[in-house]
2 protein chains.
Amino acid sequence: MPLTPHPLDPLSLDEIASVASVVRALTPNNEEIFRVITLAEPPKKELTGYLDAEHARRTPRPLKRVAKVHAYIDKAFHEIFVDVNERSIVFHDVLHGRHSHIDSAYMKKVEAACLQDEHVQAEIDSLHLPEGATVIVEPWTYATDGMNDMRERTTMCWFYMRLSTHEDANYYAYPLNIVAEVSESLQVKSISRLPSGANEELNSVRKPYDHNKVHTSSEYHPDLSTSRRTTTKPLRIIQPEGPSFQINGNHITWEKWTMRIGFNYREGLTLHDVRYDNRSLFYRLSLSEMFVPYGDSRCPYPRKGAFDLGNDGAGVNANNLKLGCDCLGHIKYFDAWHTTSSGEPLKLPNVVCCHEQDDGILWKHTNFRTGNAVVTRSRLLVLQTIITVSNYEYVFVWYFGQDASIHYEVRATGILSTAPIDVGDKVPFGTVVAPGVLAPYHQHLFCLRIDPALDGHRNSLVVEDSVPMPFPDKSNPFGVGYVTDSKIVEEEGGHDLDHFKGRTFKIINENKINPTTDTPVGFKLLPYYSQLILAHPSSYHAKRSEFGQHAVWVTRHKDEELYASGNHTMQSLGGEGVASWIKARAEDGNAETGVKDEDIVVWHTFGSTHNPRIEDWPVMPAEKMVVGLKPFNFFNGNPGLDVPISTQEKNQSVLVGEKDPARVEKEAQRPKL
Amino acid sequence: MPLTPHPLDPLSLDEIASVASVVRALTPNNEEIFRVITLAEPPKKELTGYLDAEHARRTPRPLKRVAKVHAYIDKAFHEIFVDVNERSIVFHDVLHGRHSHIDSAYMKKVEAACLQDEHVQAEIDSLHLPEGATVIVEPWTYATDGMNDMRERTTMCWFYMRLSTHEDANYYAYPLNIVAEVSESLQVKSISRLPSGANEELNSVRKPYDHNKVHTSSEYHPDLSTSRRTTTKPLRIIQPEGPSFQINGNHITWEKWTMRIGFNYREGLTLHDVRYDNRSLFYRLSLSEMFVPYGDSRCPYPRKGAFDLGNDGAGVNANNLKLGCDCLGHIKYFDAWHTTSSGEPLKLPNVVCCHEQDDGILWKHTNFRTGNAVVTRSRLLVLQTIITVSNYEYVFVWYFGQDASIHYEVRATGILSTAPIDVGDKVPFGTVVAPGVLAPYHQHLFCLRIDPALDGHRNSLVVEDSVPMPFPDKSNPFGVGYVTDSKIVEEEGGHDLDHFKGRTFKIINENKINPTTDTPVGFKLLPYYSQLILAHPSSYHAKRSEFGQHAVWVTRHKDEELYASGNHTMQSLGGEGVASWIKARAEDGNAETGVKDEDIVVWHTFGSTHNPRIEDWPVMPAEKMVVGLKPFNFFNGNPGLDVPISTQEKNQSVLVGEKDPARVEKEAQRPKL
């Protein structure tokens, strides 16, 4: 092992501190300037050479460690790349008209400024809130709607109240019909009353709070909510010989899989150099972006549209996972490092958990002639991270299978974002989940970035439909024949799912032919069937989240294209995501646009059109979305063929007896027929 | 508890014996006449009254126990209904031109007759098989193709060989290119050579066996196959206080759920009177049918099309599940009773397992203001049954959630059905998985029958799309608004999925309005997106499996309509499934066809277009298909809100330490930056 960090290792606390000191030297003021100090991953060209050497057991040539820094210096947003070992700045730009991701310290100031504003106070007074109410301001980034000049940071303040003295009382159960806009300089620019009925508009009618909205059914915290069921008996995972994985720093070895994990403030967990049985599969796997546009058409609700990665950050919002609560069994936790605004390394503890899970039958066959059954159970490696973005929680899980399959699961849970509604009113774009509480319709759109390296970096995307053979036709006399219609995608672009055609998307390596099937080796994408973005193509929501236009995209690999809605989503104006990259290259006569047998990236857009049901309230049972990647004529047979046969000796299950005295008695007493 | 069986209890061994004696009296010969002696479930009209009384804690009026009997008497196929307690025949019909489900004893006779036929022997001799080869005949039911008169039972015999002396050697790895047709009276009617190349037809060219096909990579049995990986360490489920379920005969109580299980030779596991928190949800849930049509267009392959329920039976083919192998944790097994051909009760042991499973996070929220996280883990009740149908295995699993969700999972595993192919040849409707072994394309089409009883039996089906609001329009100034477009289905018929519209299917009770949402209570179907049947509508495959035409069907409830391809699928000619029922009623001026606010049944067709990959060989890693049912504005909030909070005290997970001395050393030695 080299003594220097691996090129994919996130910056260490020492590296962060060192980089901070380099950047701090740029400004005489000892300001709280830092937003981000993170690893700038090496260019793919360099890193692949390094990894190749590593896997060939040659000593790799060390790569330059570079940090990407986001800092506000004299109110300007700087992007600075620092050579970590040389302690020198290698690139420096001021990003005019751009904004860094959410600054929670600033958001706290917005809250305070808003609550202290005398006009806001007057507005609150006019509500005549119930005795003991505590008003809560929930500041949100402003989703561009064309009504404000977006060069300056603007914050939307939504109002709620807490009736209980308990700090964890669910204030989303009491949305107030006030909204305020706060400027960069913490001035309240406007205060309005929110619409209530379907056709009502943003207005200034000072209606008092309707005390009929007070209710007790919206608490989730165990101190406050309904009594707990006592029927659920304990269930524990015992691994007497410990887990089957080995961890070496950020490198994981498990059941023929090897991979490196990365972690950054924005994407959270990233996976690198994913291999099975020493064969290269994926260069990098990551959640690229997610967007949550709300479908309530009334001003100012179109300003609700959250880029939970680009604006909030899946890394900085990652939960500190708790043993026995978030994860069951033998758990290895990974920490991450972020930075404080003053440039001190900030530990993000337990942001990723790594453990194993039983997943039922992996494969089974009973020879009906002998009655002999052979059965194996499926063991999964689980890499889980959970993020909290204000009201919502997202559980992101990678599952690795012994059959060389990968599944990526998103669970949406947490609390619905709510808006006030008059008691008795209804709107067509939301569900009333409690008195006076509207849960508006919205979508969750995720974009998974798949950078394949199937036996090398030159891969292709295949769109394959299953189609009936012509009929009537000599080749198909009985009308039952069907074949596959496969097309290799030649140019960058977006594609859609079609279950009517059994459409599958495969990533293949045309240069590597499976000797048995005589077809290129490949992996198949198991998409999650989802509705695409509902907002009109000319809306800011749609223009800002271009990845929402198609389910599957393919582009040529570019180091700088990691984020499907562009690098800076905060108050973005659109026109800078995956569709724009493709369009720009297609229109540029000199750009290369071919994706056949090239270094490609495949992007999968999926998610849910979440029209809330009352069962999602006051806290939402996890809604699962699962995407898969499975080998397709890549190996030379079932990669899990050698998984140990299941035995009771190993698994030690317990037989539950017939503990039913009533029935036993009945059997005994029943007269013989 | 009454001393008599519950009306939904399967026939007991005593009842079977008693019914057999009634039917045996019909024939003077002591023949082996019996195929089926099973419970004829009471008419819904009667049973609902019984269940209502039960739930109201009134003494229910006992219902007549009736058995359905299939028997061959003097070579005619009889269907007989017997009053079990009166020991009298209440209905008796001779089903001319119909066939009972597969008779494995008869199939053995077919095998023997085929192998003993001198023409067959001559054909085998002409193959010049390798030394020590054992020829195996695999008899299949004949999927109607229009080439034979289907009034007589006809069996297709496919030929394989086993090279190893081991009885569990995988003979599917050696398909021989002989095929024979055997008549009802065990006469070999024809012998042919199978086609090999894409355009080659069924023929009589006596090519010898190509010894280049001999290979060693196709074994799955641990005695024969590759060495096992040793890296998978044991993982056990410990339930120190036992399981959370209570079993009383066939009645299950678990975490607010109650239900009764049934089991019969055809459907296998059935669920009845499914309730949550004392509210009625589903009257009956069952897998209604499945069909596996093969896509190889060459004669005689269109004769491969298996109704694995109607022809084979999910009940009689259910595996005897083994503790610690098929199921992990605390397991309750259920046995079932079938009948021998002489009418003796035949025990089918351990055909259903019932246990619990941890399923990760059920819900979580962290209040970002206090940092307090509340998390619950999801516990599932699992009811699993596994069937073997010749080469294939299907794992059928019902999962019940603490959030009142139900998921039905099918896992396809086992061995691909194979056909011979010349070494070096390719065909467009199959994958070569080993030398000389073609795995032809095929579909697995399942039909789930959902008989809802959401707060009563008068329910409706809603088709709901999420659609953008008009734009430009005053109601939608920013172009981001969307609403739902809901239509209650008025007439029986078939419907399709549309993920582009975010289409959802809901079952609702219009007579029961959720007081908070002010909408009818309902459950939402989470369909499994699948390609529909690829065979041409005029083909026998399509005509026989009408349910494959649409993803969702709704019909008026009829006691006699349990099986989506009709009661007798063996060599059926089509025109007797769900589409035909609907058509017949629509064309009958007097029939009632309305399904709004009626006693309805919803049918969901799903499955996979299985174009084999080499990774499915020699035994297939389970391919999962999952369908869900979730409450939608049925309850008054998250039904799992009261699930106990997760704690380490209860769950006792184990922290995996940083056991990486190399890295620790590296950290220590690395010079400070």
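The backbone N, Cα and C atoms fix where each Cβ goes, and this holds for glycine too.
Just so you know, TrEMBL annotations never went through curation; they're auto-generated.
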Which listed span TrEMBL calls region 'Disordered', if the choices are B:458-481, B:482-505, B:650-673: B:650-673
Cβ neighbour count within 10 Å of B:ASP308 (active site, proton acceptor): 22
DSSP three-state assignment (helix, strand or coil) for B:ASP308 (active site, proton acceptor): helix
Whole-number Å value for how far B:TYR392 (active site, schiff-base intermediate with substrate) lies from B:ASP308 (active site, proton acceptor) (Cα to Cα): 10
Same-chain residues at least 6 apart in sequence whose Cβ lies under 8 Å from B:TYR392 (active site, schiff-base intermediate with substrate): B:VAL292, B:ASP308, B:ALA412, B:THR413, B:GLY414, B:ILE415, B:SER417
Per-region confidence, the domain 'Copper amine oxidase catalytic' (B:236-640) (mean pLDDT, whole number): 97
